[in-house]
Amino acid sequence: MAVYVVTGKLGAGKTLVAVSRIQRTLAKGGIVATNLNLKLHHFPQVGRYAKQCRVMRIADKPTLEDLEAIGRGNLSYDESKNGLIVLDECGTWFNSRNWSDKSRQPVIDWFLHARKLGWDVIFIIQDISLMDKQAREALAEHVVYCRRLDKLNIPIIGGLISVLSGGRLPLPKVHFGIVKYGDNPQSLTVDKWIYTGTDLYAAYDTKQIFTSDRELSPPFCPVSPYYTHGIFAVKRDAKYYMRMTKIYFKKMNRVWLMASFLALGAGVGFFYKSRQINEQLSNMPVASAQANTTKTDHTIDELPRLSINSFAQMGYDVNVSFKDAKGKIYYSFDLMKSGYALDIKDSCHITLRKRNYIQQVTCEG
């Protein structure tokens, strides 16, 4: 059996972490007794279609009769199936000033035997010192210290941003729960709860006011979410999505119709334009283009009448220079770069080739 005393300043997320534990207990089929006003259909892991959601709403400031009325939380010996009791604002009725009341001692005796009755207990209080010493030493097995990340400031960096922007460094709203084994802040840390809980904000009344008037907060058992919300909810099946699609289509039909006509007109225009371009390309005089290309190639490939001006060979390297009738010199490596092939028979007989062009070059010219 685990007893947690959840502590923290105002707005630190004490109730939020307790509600998350309530959700976990309900999700695995356990029983919950609490003085919180819960909205069961807003629990994400429970949902509005849950038919067996066992929750007991006890008085804001429960007495021994209220605790005895909830019965047992677990009939088996498996403590993982224990029920959960969550009591908020314990500082108003679980403190040393009210503990002199004779009706308080039977309450602490009941909580001492809660394990045998199959209950885990969570007390929510702003500070552990507000709880009576006798109850604190007897019941405070674990103490949870809640902190909020967005209320902290990063040293140095936070100060620089505050000076430059005139505001605090915005940090995410993340809640930390540091679980200590015992009521001493220096006790061993046994666990750390890190959570955001944004999906649980709507699951309980954050503005609930606790009162000692039992007529304003009588015990009762809330009805399962299925019978209050699920039975009236619209089933989101294939018919639902088809119906929603038709509704949105009717709202947007004019816009869709206009966009469809624009797209159709653009598509037809591109189609006819591409056909015109293809017809123009197919009607071009292919023969004349080939003739012009051949003529141009021959013109480029043809060389003036050449003669061998010099011939030098060192091993496999041959360097030849040619000369035309005007005395212009042509070097063999330049001709080879231009695509000409040199067929050397001897120093006075060389053949130049490029495509269909052939010229026999000799020493005499």
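Every residue gets a Cβ built from N, Cα and C, even glycine.
The ATP binding site feature in Swiss-Prot is assigned to GLY8, LYS9, LEU10, GLY11, ALA12, GLY13, LYS14, THR15; the stated evidence is sequence analysis. Marked as transmembrane segment by Swiss-Prot on the basis of sequence analysis: 255-272.
According to its DSSP assignment, LEU10 (ATP binding site) is coil.
Long-range contacts of the transmembrane segment (255-272) within the same chain: residues 249, each at least 6 residues beyond the stretch ends and with a Cβ under 8 Å from a Cβ of the stretch. In sequence order, LEU16, GLN126, CYS146, ARG148 are the same-chain residues whose CB sits within 8 A of the CB centroid of GLY8, LYS9, LEU10, GLY11, ALA12, GLY13, LYS14, THR15, the residues recorded for ATP being left out. Long-range C-beta contacts of LEU10 (ATP binding site), restricted to its own chain and to partners at least six residues apart, with a cutoff below 8 Å, comprise GLN126. The Cβ of LYS9 (ATP binding site) has 14 other Cβ atoms within 10 Å, all protein chains considered. The Cβ of GLY11 has fewer other Cβ atoms within 10 Å than any other of the binding-site residues GLY8, GLY11, GLY13.
Neighbour counts were taken as the number of other C-beta atoms within 10 angstroms of each residue's C-beta; across the binding-site residues ALA12, LYS14, THR15, the minimum falls on ALA12.
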